[in-house]
Amino acid sequence: MNPKHWGRAVWTIIFIVLSQAGLDGNIEACKRKLYTIVSTLPCPACRRHATIAIEDNNVMSSDDLNYIYYFFIRLFNNLAFDPKYAIDVSKVKPL
């Protein structure tokens, strides 16, 4: 399934989950939700790419919400088809 049809919605959900963890402080629940989202992406290649990136960067073992947050920002920027959608990390406030 083509990510252009569902990609923005999924990224919105990912960043909502991260923002909620910034408010409630439940990093473990946040990581479980994020892994569930990523491991059920409708595109097999996207699913594989994202889970490998999560594993390679030890996201699931991190207790630092901002590490996880900035990881997903970098992943988003690496996958953005159009540079105009890239997130300027210098303008992002830590959670």
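Positions of Cβ are set from backbone N, Cα and C atoms, glycine also.
The disulfide bond annotation in Swiss-Prot covers C43-C46, and the record cites sequence analysis as its basis. Within 10 Å of the C-beta of C46 (disulfide bond) there are 18 other C-beta atoms, taking all protein chains into account.
Under the heading domain 'ERV/ALR sulfhydryl oxidase', Swiss-Prot lists 1-95. The average pLDDT computed over the domain 'ERV/ALR sulfhydryl oxidase' (1-95) stands at 94.
Annotation comment: Swiss-Prot describes 1-8 as topological domain 'Intravirion', evidence class sequence analysis. Counting residues per DSSP class in helix, strand and coil order gives 6 helix, 0 strand, 2 coil for the topological domain 'Intravirion' (1-8).
The topological domain 'Virion surface' annotation in Swiss-Prot covers 26-95, and the record cites sequence analysis as its basis.
What Swiss-Prot records for 9-25 is transmembrane segment. Only residues 6 or more beyond the boundaries of the transmembrane segment (9-25), in the same chain, are considered here, and those with a CB under 8 A from a CB of the stretch are 33-34, 37, 41, 65, 68-69, 72, 76, 95.
Counting only same-chain residues at least 6 apart in sequence, those with a Cβ under 8 Å from the Cβ of C43 (disulfide bond) are M1, N2, P3.
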